[in-house]
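Listed in Swiss-Prot:
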type     : residues : note
ACT_SITE : 33       : active site, proton acceptor
MOD_RES  : 33       : N6-(pyridoxal phosphate)lysine
MOD_RES  : 122      : N6-carboxylysine
BINDING  : 129, 301 : substrate binding site
ACT_SITE : 253      : active site, proton acceptor
């Protein structure tokens, strides 16, 4: 079997979830959309089922996968429904539903439902993706209450720059939300991962930890709470070939790298088809048999190359950590002008191996 694999530490996942609740004192929806950010939604939900207050996914298809796997906790559909016909399924499977636009509100008013919905009414407090504008929010709230189709309303919004702790935008959004929701009945959900960790004064009855669950910091600098996160995924593979090359020899596509001296080059079974970034630069950190090493040469579809010259004990079968406890995925992503969300979600071909269930 090809040695590339993603090790998933479910005990670390539970630790990170508990940290989110400890930091806020609020109930927490574990965000496991996009197949739990590449970690496997069903297995992550099963690992958290005994303690999670609920889960959040992007769409009904993701919710149905969880229900079919036996997950019975509340599941929030973060984008709501895309067609009015989905309302029947939402009721049948007891999903909670975000309502963020006029046509969704109208569809609920017209629907004949077997029982009332639990709705999360979303305000666009300044991110400008989806949600009712502040001046329209109270009217939408009143229409939902008057419809007779809704059992409970949670009022929510989403911060666009909470990962920038010195940026005033979060306080501006909070002020807009507070003004527009004043006097309206319902619980509040405002805090995403960076707000859970870095904005303790933001009120929330419910929080929505996402990237922090998987042990990746949303911040570019050290933070005392973020530093307590544990990485859930370790991406690793093995050396499958060793080349002894003299100085001046090209390595890989485009001859981007040439040996600087007599070097031992290890070929690792990992490439961009697995989700490792093709544009990783020469010198990118890897760990070889538990010691720091470096990538050299261009990443190809199924393989990449590392410098084994200063690792005399390394050779065929040596373990190479691409990201994980020794190579933080957030720091790695920043080197490529990317974000940890993208790297984690891009893993499609690598099998997962779970521990800590």
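Using the three backbone atoms N, Cα and C, a Cβ is placed for every residue, glycine included.
Everything Swiss-Prot records as a feature, shown here on the structure.
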residue	record	Cβ neighbours (10 Å)
33	active site, proton acceptor	20
122	N6-carboxylysine	26
129	substrate binding site	9
253	active site, proton acceptor	12
301	substrate binding site	11
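If you measure from the Cα atom of the residue listed as 'N6-carboxylysine' to that of residue 301 (substrate binding site), you get 41 Å. DSSP assigns residue 122 (N6-carboxylysine) to a strand segment in the three-state reduction. Among the recorded positions 33, 129, 301, the residue whose Cα lies closest in space to that of residue 253 (active site, proton acceptor) is 301. Here the Cα atom of residue 33 (active site, proton acceptor) is found 18 Å from that of residue 129 (substrate binding site).
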